Amino acid sequence: MNILIFGPPGSGKSTHSRRIVEEYGLTYISSGDLIRGEIERKSSLGLEMAAYLSRGDLIPDTIVNTLIISRLRRQRENFILDGYPRTPEQVIALENYLYDHGIRLDLALEIFIDEDTSVERISGRRICPNCGAVYHITYNPPKVPGICDVCGTKLIQRTDDREEVVRKRYRIYIKNMEPIIKFYRAKGIYVRVDGDGLIPDVWKRIKPLLDYIHEREKKRKEHE
């Protein structure tokens, strides 16, 4: 079972991706994790990408395509791809790779939330720069405001978590995803799930769909 999962900033797609990995034994491939890995290593590529993100801009397609395709070469089946493709050019790169290697996609799943929900979820995040602990000023606040419970370090707000940056990222997402959604809808594999509400409630909307696809693929392989 090969899945694409996407959604606006703060939609919970990464959280649900990890749940899908646990439930169905898929390999998780995240464009965000790959990008952050480069940034944390402070490679020349990572520094270049960090500059784009700090402005709320998308990283150029050529850079993202290289990162993702390189990772897919090590995992050709049973994967969930989080946050990619995000532009028509990335769709072309992915489709060409999948076609050349005889790989089929079973589902393009969008977890959707509105702009204000996106801003509330993202702009409220606070990160500990020392130990990496993550908090939210509303949903998961530290015991002492602004201070990490784990190590006592002053919490920070990431540059790309600021409200104005989040709104820009959201609007870029909506604009760029329109043709991508149209493409995968035409292929008959696109499904939108309402991402509003608590994580367990959203998961209840996702799981029946995945169970159906999982059983369908299981039966298909039995008859091959």
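Cβ from N, Cα, C; glycine included.
Looking at 30-59, 180-209, the range annotated in Swiss-Prot as region 'NMP' turns out to be 30-59. Within the set of binding-site residues G12, R125, C131, Y135, C148, the entry lying nearest in space to Y84 (AMP binding site) is G12 (CA atoms).
Using R158 (AMP binding site) as the reference Cα, a 10 A cut-off selects R125 from the binding-site residues G10, G12, S14, R125, Y135, C148. Same-chain residues that are not part of C128, C131, C148, C151 yet have a Cβ within 8 Å of the Cβ center of the Zn(2+) site turn out to be P129, N130, G132, A133, D149, V150, G152, T153, L155. Y135 (ATP binding site) falls within a strand when secondary structure is assigned with DSSP. Listed binding-site residues: R86, R125, R158. The one with the lowest count of other Cβ atoms within 10 Å of its Cβ is R158. DSSP assigns R125 (ATP binding site) to a strand segment in the three-state reduction.
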